[in-house]
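Encoded as C-alpha cells, the structure appears first; notes follow it.
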Amino acid sequence: MSTGAAHEAAADTRTATATAAPRRRITALLGPGTPVYVLLVVLLAALALSDPSFYEPDRFLAFVKRAAPLVILAAGQYLVIVSGEFDLSVGAIVTAGVVVAAELYGSYPDAHWLVMTLVLLLAGAAVGLANGLITTGLRVPSFITTLGMMLILEGAVFYWTGGSPHGSMPEDFRALGRGSAFGWLPWAVLACLAAGVLAVALMRSDFGRTLIATGDSERTAALAGVRVHRVRVLAFVLSGVAAALAAVLVGGFSGVSAQAGRGYEFEAITAVVLGGVVLGGGRGSVVAAMAGAFSLQALFTLLNLRGVSGAMESTVQGVIVIAAVGLGAADWSRPRRRRTHSTRGKPS
Amino acid sequence: MSGAALARPALKTTAARKSRLTDPAVGVWLATAATAVLGWLVVALDGGQLYTQANIVVILSNCVALGLVAVGQTAVILTGSLDLSVAYLIGLGTLVAAETMEGGSVLTAVLAVLALSAGVGLANGLIVTQLKVNAFIATLGTAFILRGYIEDNYTGPAGKVTASFQRLGYDRIGPLPVSVFLLVAVAVVLWLVIRHTRLGHHMYATGGDEHAARLSGVRTRRTVVIAHVLCSLCVGAAALFLASRLGSGAPWAGTEARYDLDSIAAVVLGGTVLAGGRGGVAGTLGGVLLLAILDSVFNQLSVDPFFKNVVRGVVIIAAVALYARRGSRRSA
C-alpha cells in the first residue's frame, strides 16, 4: 500500500505541472470524494423533480433529521476506516443504547435527559475503548473484534432484558430525536451539524493528520513518531461515542425496539465508501463520508417517493453502491498517468 | 521481519516441529477436542448426557450447513477477498430448489441451484476484479440485490421439496447423517484443489501478496473470480441441504442463521488469516465443529440463547487473539 501511495504521489507531482490550474484547484478542494458530490447533487435534483415541495424548509429539515443518525455514524465510521480498520459494532451499539436507555428509565424514571445522554455516550466510549484495545493490544483484526463485540452486545442486551426490551423513554429524552429547537430547527439537525463541525476540526488537527498517516502506512507513521496504537484506539472510542449519539437520536425518533440499530453498521460503511474513502485506510475526507450518508438517505427517500416497492429498494441500493464505487475506483486518468497498480487492500 | 528471516535457517528443524504444533489448524482441532471433553464434563456434572446418539446427529447436521458455507468462504478469504452475499444466496437457493422440484425433477433442481450459485459467484468475482470494487462493498451490494429480489417476489416459504430429496437431510448411515458425507466430500474436493493444484497455489499467492503474485506471472484476477465461483457453489450445496431439511424454499434460511458473518467467524476461528494467504479448509472444519459443540453444550444446559451469543463473541475474539500472539513470534 505504501508503495502504491508513493507511486501516486510521484505521479501527482508530475501531472500537477501538466494540468490546468483551475481544475487542479477544484479537485484539490473536493478531494477523492468528487463522485459522491455529483451523486448527491443528482439525487437532490431528482428529489426536487419528483416532489416540488421537497425543498420547503420544514420538509427539507425533516429529511436532514432522518439522515442525522446515519451521518453521525458515518463520521465515526470514517475515523475508524481511514485509520485502516473496520467498526462492525456500531449497529449493535445503537440497539444496545436504545434498549439500555429504556431499561434505565424503567429503574430511574426521574433521571435527567442530560445525565442519561452522558451515560450513554460514556458507555459508547467504553465499548469503543474495548474495541480499540483488543484490536491494537491483542492484534485481533478489527473485523473480528467488532464482529465479536456485535455478538456480545446484542446477546448481553437481550439476555438482560429477557428477549423483549420494555420500558419507555420520557418525552424530554425523546425530544432530542424528534423535537425541535425554537420550534423549527430539529435538535437532530443541530447534533448532526455539531458532529460534522467537530469531525472536520478533528481531521484538521494533528490527530487527524496522524490518523490518516497511520491508515496510509502504519510502519511509516510509527517510524515518524506517531503513536499508532493510541491514535487507533482514539478513533474507535470516537466511533463508539458517535454510535451512542446516534442511539439517542434513533431512540427519540422511533422509540424502543429490538431492531433499532439493525443494519446500521453496513449502511455506515457503505456511506463512507460511497464518499470515496478507501477501505484499508489513508485516503478520503470526512465531509465526503458524511455526504455519502446524505446520498444514501436521499436515495432511500427518492425510492420511496417514486413508489419503488420497499422490496426493490435494496436491489436498487445494491446496484447503485456497486456502480458508484466502481466508477470511483476506475482509473479515469489512464491516458495521462502511468497506471499504478491497484491495491485491493483489505485491512487485517 | 528480517530478523526472523535471518534466524530461521539456524532453527530449521526445531522451528519446523514447532510450527507444526503452533499451526492454527492443529490448534483449533486441539481446542475442539478440549471443548468436546470439557463440554461432556460440564453436561455430565449437570446430570445430562452430551454424546447420546441423537445429540451427535444433531451436532453433525448443525455442522453441515455452516460447514459448507464456511469451506467456500475459506477459498475466497484465502485469495484475499470476502463474500458477504452468502446468506441471501442460501435463501434464494432454497427457493429455486423447492420451486423447480415442484414442477420438475430433482436433477434439474440441483442443476438450477448450482447454475444460479455459479452465476452469482461469477458476478461477485467480476465486480471485484474488473470494476475494482472492494470485495466487502461488492459482495454487500450483491447481497442487497439478492435481498431485493427475494423480498419483492416472496413473502414466506414457497415450493415443495420432493420426499426423495428430503432424504438428504434426514437419512442416516449408522450414526452419521448422510449430509455429513456431502460436507466431507465438498471439503475434501476443496482441500485437494487448494493444497494440490496449481490453482490452489495461485490462490495462496494472490492472497499473500497480489502484486507480487501478478509480477510472478499468476493471473490474479482469474484466480479471484474462480475462488468466488467455488465459494458460491459451496453455498449452493448448503442451500440444497437446507431445502431438503426444511422441506420447502425458505427466503430467510440464510439470514436468520447469519451465515454471512458466522461463516467468516468460523473461517477465522479455523486459523485462516482474514487478509488472505494463510490458512486452509481443515482448520475451518475444526472451527465449525467447535461452534456446533459449544451450541449443543449450551442447549443441554438450557442456557439463555442470547447468552450464547455473548460466549460466541468472546470465544471468537479470544481465539484470534491467541493466533495473533503465536504469529507474532514468527513473523512480526
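Glycine is treated like the rest: Cβ placed from N, Cα and C.
Just so you know, TrEMBL annotations never went through curation; they're auto-generated.
Feature annotations, courtesy of TrEMBL:
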TRANSMEM  B:21-44  transmembrane segment
TRANSMEM  B:50-69  transmembrane segment
TRANSMEM  B:76-98  transmembrane segment
TRANSMEM  B:104-126  transmembrane segment
TRANSMEM  B:133-150  transmembrane segment
TRANSMEM  B:173-194  transmembrane segment
TRANSMEM  B:224-244  transmembrane segment
TRANSMEM  B:264-294  transmembrane segment
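Touching of the transmembrane segment (B:104-126) and the transmembrane segment (B:173-194) is ruled out by the presence of fewer than three CB pairs under 8 A, sequence neighbours closer than 6 excluded. Tertiary proximity for the transmembrane segment (B:173-194) is limited to same-chain residues at least six positions away from its ends with a CB under 8 Å from its CB atoms, namely 53, 56-57, 60-61, 63-64, 67-68, 71-72, 74-75, 78, 167, 200, 203-204, 230, 234, 237, 241, 244-245, 280-282, 285. Touching of the transmembrane segment (B:224-244) and the transmembrane segment (B:21-44) is ruled out by the presence of fewer than three CB pairs under 8 A, sequence neighbours closer than 6 excluded.
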